[in-house]
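S.K.: Got a structure here, written out as structure tokens. Questions coming.
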Amino acid sequence: MTAVNLLDFDLDALAAYCEQLGEKRFRAVQLFRWIHQRGAADFGQMSDLAKSLRSKLADVACIAPLRVLSEHRSSDGTIKWLFDVGDGNAVETVYIPEDDRATLCISSQAGCAVGCRFCSTGHQGFSRNLSTAEILAQLWYAEHSLRRERAEGVSVGARAATGPASERIISNVVMMGMGEPLQNYAAVLPALRVMLDDHGYGLSRRRVTVSTSGVVPMIDRLAADLPVALAVSLHACDDALRDVLVPLNRKYPLAELLGACQAYLASAPRDFITFEYCMLDGVNDSDEQARALLKLVGDKGPVGRLPCKFNLIPFNPFPESGLKRSGNERVQAFAQVLIDGGLVTTVRKTRGDDIDAACGQLAGEVQDRTRVQERMTRSPIRVIRSAAQPDAA
């Protein structure tokens, strides 16, 4: 019998599972805390659970972390982990400490079916959805391995001296890694519940962000089920260009997407939508296109004035993309047009340049290596550099 991975369960599902084992709900709360707040992967560590329950769980369940293929640390504090998810697939997770926050960027799929022109992951194609356990295992590993480092005197977390963010190893989670989260909704929703649960990671809805390329029906669904902060990969000011850069636009054009964003604000934890905009030299970075964006989200746009902010993202070049990063002066000029038009606009700082380039590139290299190995030797993925699994904090 295959052991049940308890990382797959939100608290309600874990309570139902405990009831199947003849246990009361409060046991699920204890177990949940041991897993997510204390990082325990061994039932024997759970000292406030009855020995009979620990023995029962050891027979039928497990807490199975992902195998770490490699860990890359940047001089700016950024950490990128590459996790093995089986069948020649790997996913990336990135930890980004800043002065006022410490953000974990996690993946929701192995590969991606959307196929955005500027995205390394999209060029790899889609392999499969991650399970809830595989999504949460990224957060679980990062939280508890870094917590152990802090206990050993290593400086991790937000660099701020005071405030709630400085007390947390991870203060923010963004689903902006590999994959389209809203095309894996069945696994993403329970993972979000665990992130927000006070018995889990206790993050506020404002500090958890789902980024989507524009799956309109699922934006509506998320608004009804669990509205967290929403970011939308926009990247173009009109349908003609967005059809090319973000092929999903052919199914859900801008007017529909902006309508869903407007409706989302009624229940969102923030009073604005974040639009992500990858700056591509000579493609979408002219002043004229910036002015078109102002019209798109302004009073005369398809849904009227849409409260939003823009995050301009420097393009990370990767082989065969055929695209170039906009120059710094062009990015600043583009941003100034938006700012002068009354939009809050930021330019994302590039982080971890000395450890990797585009999101998905490490995973793509693993895919390529694995395909060669399968043809030549039929051997499993080669471990680049193993990292120890975290102990309970």
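Even glycines carry a Cβ here, placed using N, Cα and C.
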S.K.: Return the residue out of SER155, SER204, SER211 that Swiss-Prot annotates for the same S-adenosyl-L-methionine site as GLY179, GLU180, SER233, LEU234, HIS235, ASN316.
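M.R.: Among SER155, SER204, SER211, only SER211 appears alongside GLY179, GLU180, SER233, LEU234, HIS235, ASN316 as S-adenosyl-L-methionine-binding in Swiss-Prot.
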S.K.: What's the longest C-alpha separation between any two of GLY179, GLU180, SER211, SER233, LEU234, HIS235, ASN316, the listed S-adenosyl-L-methionine-binding residues, in angstrom?
M.R.: 19
S.K.: Would you mind pulling the DSSP three-state label for HIS235 (S-adenosyl-L-methionine binding site)?
M.R.: coil
S.K.: Nearest of the recorded positions to LEU234 (S-adenosyl-L-methionine binding site) by CA-CA distance, picking from GLU92, CYS105, CYS112, CYS116, CYS119?
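M.R.: Out of the listed candidates, the nearest Cα belongs to CYS116.
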S.K.: May I ask which residues of the same chain, at least 6 positions away in sequence, place their Cβ under 8 angstroms from the Cβ of GLU180 (S-adenosyl-L-methionine binding site)?
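M.R.: SER108, GLN109, CYS112, ALA113, VAL114, THR212, SER213, VAL215, LEU248 - these are the non-local Cβ neighbours of GLU180 (S-adenosyl-L-methionine binding site), listed in sequence order.
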S.K.: For a quick check of packing: other C-beta atoms within 10 Å of the C-beta of GLY179 (S-adenosyl-L-methionine binding site), how many?
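M.R.: Result for GLY179 (S-adenosyl-L-methionine binding site): 29 other Cβ atoms within 10 Å.
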